[in-house]
Amino acid sequence: MWLAAAAPSLARRLLFLGPPPPPLLLLVFSRSSRRRLHSLGLAAMPEKRPFERLPADVSPINYSLCLKPDLLDFTFEGKLEAAAQVRQATNQIVMNCADIDIITASYAPEGDEEIHATGFNYQNEDEKVTLSFPSTLQTGTGTLKIDFVGELNDKMKGFYRSKYTTPSGEVRYAAVTQFEATDARRAFPCWDEPAIKATFDISLVVPKDRVALSNMNVIDRKPYPDDENLVEVKFARTPVMSTYLVAFVVGEYDFVETRSKDGVCVRVYTPVGKAEQGKFALEVAAKTLPFYKDYFNVPYPLPKIDLIAIADFAAGAMENWGLVTYRETALLIDPKNSCSSSRQWVALVVGHELAHQWFGNLVTMEWWTHLWLNEGFASWIEYLCVDHCFPEYDIWTQFVSADYTRAQELDALDNSHPIEVSVGHPSEVDEIFDAISYSKGASVIRMLHDYIGDKDFKKGMNMYLTKFQQKNAATEDLWESLENASGKPIAAVMNTWTKQMGFPLIYVEAEQVEDDRLLRLSQKKFCAGGSYVGEDCPQWMVPITISTSEDPNQAKLKILMDKPEMNVVLKNVKPDQWVKLNLGTVGFYRTQYSSAMLESLLPGIRDLSLPPVDRLGLQNDLFSLARAGIISTVEVLKVMEAFVNEPNYTVWSDLSCNLGILSTLLSHTDFYEEIQEFVKDVFSPIGERLGWDPKPGEGHLDALLRGLVLGKLGKAGHKATLEEARRRFKDHVEGKQILSADLRSPVYLTVLKHGDGTTLDIMLKLHKQADMQEEKNRIERVLGATLLPDLIQKVLTFALSEEVRPQDTVSVIGGVAGGSKHGRKAAWKFIKDNWEELYNRYQGGFLISRLIKLSVEGFAVDKMAGEVKAFFESHPAPSAERTIQQCCENILLNAAWLKRDAESIHQYLLQRKASPPTV
């Protein structure tokens, strides 16, 4: 499953200028932080809810399932005939079941009479039902029959309804599914655990003018005997698979199709009249399937793959085997009206979901503890795939900004969790669909791939997929296969990364010894609140690469740091050469250099001799060290000014994100405008070089960079940018000159931030007129930029209106919270005032966690952590408990950062104003 893109986390941190701060200072800061955490009850997660997995005495062999959805009254009828194996004599069968009413149930042992169930005991809290029988079911096989009814809900989970508008303007509904993690039980009674696999024979009774899809190809379509307006559609039997991967869709769709070079039928289903918008995803999918087949050396196991755009969809996409569901914005590309970033996103999401067809579907995690095996791996290999299809995207540099740093932000918190985390109750499972399972998982796999090399990695992946195909596996099984392929101690190394939370800070200092360079390395757990405080500091086995200015793109030495401290000698390094750790920013750690080593690296930023991904990593480490209180934020601002010649989009993107975090922090002060002046000074030179219009020879990354820079300058109030944005917006609205898709977001943001009620009304009109969901989302994401209190309230009210799809409400409210200090307060009040409606809308899924995170994490006053905690104590959100803890911790970290550095930042900005620096 691909989670929809979140706004950048407000939690960045790390590196070092000058000698380390006195340990006592760090200790005092850390202890005071942790005292505040403990006083608020935020230092540890609450006790886990009681949970038991299903008993093993009865298990399915095959589900024969027929569903008849009613698209007018939003109900469905179901008939299940499950071939089952009774492994231990029993008089009851326990299954998962939620929001379903069972009408009748019976069990017929093979060759014997049917036994009717005499009772259905629903355990609603545990989402289970116990079927009781009057006599003992003996060991052996038999058939379990259940007739049931359910509701096509509007919660975007289970078997639910999705609203769409026909080309003629009529509102209609499709019936669609979203079962991961634990919602197949809302469509039919089942053994809803990933390790309880079976085959499926699915039939759908649907209106004859509707499209019906499921995991497999259609094998029969015939009139339904009881109603001439209905047809019964039967699908081929699936391979052995987990319940969470079952899917069905009933609605009105067009499609485009092709065949991959391996002969697999590939279709992209789109809303009626928009088949053209499916062609880009179709092209990507047709390239991706053979790429994965060759990489894994395992063929795609189904005869077809459908990719379909769903109007109301909570996640970004879902990898159902053979029928992958997507948000419209994650699948559809309009050749004229889609921006470059949307094309890239579609390519990544398609690559992610198709990777799951092997890694997750063919071989499935044994339990949700190993979710990261699915999501971490897919989140890594999607980049490998896109790099293969679109090498011009420089996608691996973007990985560092999008995934690697995002994971480190979260994993530095006291309220993080290990990659492998014990989960039980469904509410706990929802919680781990986060940046640890996805982005940290992807980052440590990237590190592992680099450590053992591509050849042995591919060999190990083939061994793993071949051995466990159509079965389940745990993390240890993957390590064993990779260890056998590479001969390296994979389990010993990787257990330090997956079984304990956090990551190390590597401190390094250097000494020239004749013609060699002696490096002294030490590792300690990096903490967002400063130094680690505890009896036994965790240790990692860290693959470390070291490069020098002699050849910045090649590792001079690779080592495995398997102890707290070690010395390394680099042969033949001249005194004037710099030395850098973590070539390519591949190792999942932060680096803190001695002042002399760091000073030697800074010219490499100015003259671009450091590779882009290393410039990015160096800056990001510094910023994170400042957030943690290890260095002064002023030192980071000085380094940021060295990026005046920077040409790389992703480096600018990371700089922009960090300056955005700092701007949010300083919005709590009375010198917010001074940091905006700094932003304008840093971004003006690159803005002038780029201009507003594409130049001959420019490509994908230039388009991304132009939009980023103009948006940053416009938001900061850069006069020339603001004037040009207003001119182009006026021409766009009047139809004189339509804005290119790549310029719309920065222009919309700029005119709204510095506009009035008329500007907002025009934006809302553009939203209403937009035929394309990408354009609607583009507008929704910038509405929060408006500054006037009455307009902020208007945007918040709009967020819950019928004009905004349920899954997009979160980004509108989050945009308000991130737009200004007043917006943050207004958004928090709005959430509290409308909590019942919002919580019911998302039913405790991951969108509620996203909403909470985006809305409160930008606060920087200690008392707000207490207020947030108190609100959720009286308004429980079980699936967001960890997110709430993390948000409160971040609020305290922001407050500490502000108290510590605000005055020095202010003085530095005033000093710059008095005598602008020359760079």
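Our numbering is plain: 1 for the first residue shown, then up by one each step along the chain.
Cβ coordinates are placed from backbone N, Cα and C, and glycine is handled just like the others.
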Feature motif 'Nuclear localization signal' in Swiss-Prot, mapped to one of the ranges 121-125, 226-230, 546-550, 726-730: 726-730
Given Swiss-Prot lists Gly316, Ala317, Met318, Glu319, Asn320 for substrate, the same-site residue among Glu170, Glu180, Glu476, Glu480: Glu180
Matching residue for the Zn(2+) site, where Swiss-Prot names His352, His356 - out of Glu328, Glu375: Glu375
Positions whose Cβ lies under 8 angstroms from the motif 'Nuclear localization signal' (726-730), at least six residues beyond its ends: 692, 737, 739, 743, 747-748, 750-751
DSSP three-state assignment (helix, strand or coil) for Gly316 (substrate binding site): coil
Gly316 (substrate binding site) and His356 (Zn(2+) binding site), distance between Cα atoms, whole Å: 14
Shortest C-alpha distance to Asn320 (substrate binding site) - which of the recorded positions His352, Glu353, Glu375, Tyr438, Tyr464: Glu353
His352, Glu353, Glu375, Tyr438 filtered to the recorded positions whose C-alpha is within 10 Å of Ala317 (substrate binding site): His352, Glu353
Among His352, Glu353, Glu375, Tyr464, which are recorded as recorded positions, the nearest neighbour of Glu319 (substrate binding site) by Cα: Glu353
Cβ packing number for Tyr464 (3'-nitrotyrosine), 10 Å threshold: 24
For Glu180 (substrate binding site), the one of His352, Glu375, Tyr438, Tyr464 that lies nearest, given that the recorded positions are compared by Cα: Glu375
